[in-house]
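A.B. asks: What follows is a single structure, and I will ask about it in a moment.
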């Protein structure tokens, strides 16, 4: 809900970091090569939290204090501040809310802000007091306080979830002392402002390094009932974009306000007959689209059209009411009103769908995303001049509110605004809506926003079932179980025992762990994760090689007798039986893709000593371009192909890491078997395939969401994958860690002067010596140290824009192959050829039925696929087909050849003299004409000012044509030039 002006605020920009007592962030002293880099990435590191259904709004669960107390807050992109009632709040509706008032006395970390720390508030009775009013009439008063704060699940155990706890920050909120209006009777305890303002939770989490990106998404669906216990009704994603539940690509509208509210520019409004849930028509012959005349100057005037999750309904300009009513009557044969009417389910679905055209984020969009076939884009049929604009669909199931008690439907689409408008929560429903302050855009992707109750969502890292509150990428590094690579006696030599054959000597064991998730720069590193398992006095030496493997050197003792004979004197080790829960050792599956764009796998066996022993000859490393590789770096991975594959007869509850490997291998082999020729590079490899989600596929999915009945049949498995298109020409920046170099130089000097090498040798150096070589430190090893101290991510690689064009074609080739008629049949055939076929056929495999039944293979389908461009910067597109000739012409050797060619240079000089003579003769005449033209423009401008100030847009008549004599500054062209008057509030000039 939009805020009104604050009471007691000053004009000094608030500082939300100084009150935390934070010092300056440490940064690495590094030198990086300055080249052209791209901004963006996968946006796949984030925290998610479930949203609950309120009275027309959606609320999140937050946990505040130490120990955490649960509070429910409306998520409101139309306001800035977070506030909820504290103990002692007078008549604040505790009996209506989900939870008791927050009790500051029960939190050991609660602190009331002192007057010197007030942020846009007035000092009153030694407290920072501020008041907030809202346009619908509600208000509250509170004092400012700070405490530990994080989002989580509604269950009472949600406050102790370690994943959610890792996102906790000290956060400033309002401790409410009084409330009026809807705040008293609403279901949620309070409100959480989510606008583009420094006081909001996402911005503060970003500032404190908990989030990689300053953005979030809200995904709403509507439930018909509410409960104090909570009714799940969507998902909130903080710091990233979760595409797992999306059914269409994310398309981006320009946020025309740099701060404050998220504001979009509305260019057109359409009405489509015979309904439809999507922006894409179900049947273009049956569904006719009609344009509503819009005065875009008035429509976007004032504060503009804001996207406001805290406003239940949608409000558009009042001038649209008459034209909309006429079109509505023509389509429905009913008069449009906001009073309740009786409708059958079929009548509801056949009511018109309202389509709103929003100005595109990128003026020069990527040509690899075809607007005519991309759901959510306007396309050339509706607007040939702006086909890449966003088309937001609001179906009747969203704008018609149902009252079960009255059995009536009421339209919540109002035409009442004199300037600007509000796209409210009902228009956001059925969409994953991105609020991207970092890049100045608002994104929309069609989505179910639904984690079906009882449905299995599988974490591709662990293979375990997860819920809506745990679907984000791990912030901390996750490692597999360590395997013993070298025993203690292998770390010492016979020379160590020459003085006393009967003594025990110090040695060490080398243990290897596979990186299952490399985490993010704001989380725990893999080295720290290894050390975290040990007491301070027992900590081993640890290192990671950047290719997905980490090592521990654990101190130990071994007898010289064992060293001399090579025998331990113990019974020989034999393989042990696996536990009832399955293999507990590494099973030869690929780990996570590390920052160096490599991943590794090892195989180990459980032996009779109870330890996992690595089978050294089975260790492998391969290239990959998922996970940490390119997460923040569009130059490395400029495109990702997102695909949803439905396998009839698949069993989602049985999904695991082995199943992911089977699918990735078969997918890559199937695509490349058609596209790869001898001597040419393949389109992608198995290391480029990332499984985002494995979930159940229901019968209702065959006919769309509106065909869902009370009982739904599970018919298979739906798998969401992303395929990375890697740029081999990307150049990783040269990193020079000055501090590290100085330390290494000092160590080298000391090593040259040391008298007793053995006495100063560490276990790591000694082990390297025993192996006969010193392990090389890969560049990524340096990068990790520097990156850990860089704010919000890794140094970016560089690339040229021309690199992207062949890669865009590669993405289109992948789409074409996925759409091939027999693609899935061929892919399933490749699954049967997989090297661990007996595992795939076993009852524990999710593929067992489909591999044994060819009919199920024929009934499977690729539901959809689309391309995600990871670069958010955009930029002007030009024809790169001329680039090679251009570079060849201006090649250094060619230029030298031109200069030394006397006849050629003589001809060029003569031509230049002729052109100069022509220019000299025409210049005076042209100059006189230009000055005369400028004088005429000045006279016309003075005359116009005398008549009064005019707008910049043509009026549009009821027929959709320009009224004669009313065109004010538009060129005679079918293209609109969408400028906003400089006097229109704080909307950014375009």
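Note: Cβ is positioned from N, Cα and C throughout, glycine not excepted.
Any TrEMBL annotation is an automated prediction that lacks curation.
Straight out of TrEMBL:
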type	residues	note
REGION	1-24	region 'Disordered'
DOMAIN	58-445	domain 'Peptidase A1'
ACT_SITE	76	active site
ACT_SITE	308	active site
TRANSMEM	904-926	transmembrane segment
REGION	957-990	region 'Disordered'
COMPBIAS	981-990	compositional bias 'Acidic residues'
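Neighbours and distances for these, please.
C.D. replies: Around the Cβ of residue 76 (active site), the number of neighbouring Cβ atoms within 10 Å comes to 27.
Just so you know, the Cβ of residue 308 (active site) picks up 28 other Cβ atoms within 10 Å once every protein chain is counted.
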A.B. asks: Across the domain 'Peptidase A1' (58-445), what does the mean pLDDT come to, as a whole number?
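C.D. replies: Computed over the domain 'Peptidase A1' (58-445), the mean pLDDT is 91 on the 0 to 100 scale.
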A.B. asks: Between residue 308 (active site) and residue 76 (active site), find the distance joining the two CA atoms and give it rounded to the nearest Å.
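C.D. replies: About 7 Å separates the two Cα atoms.
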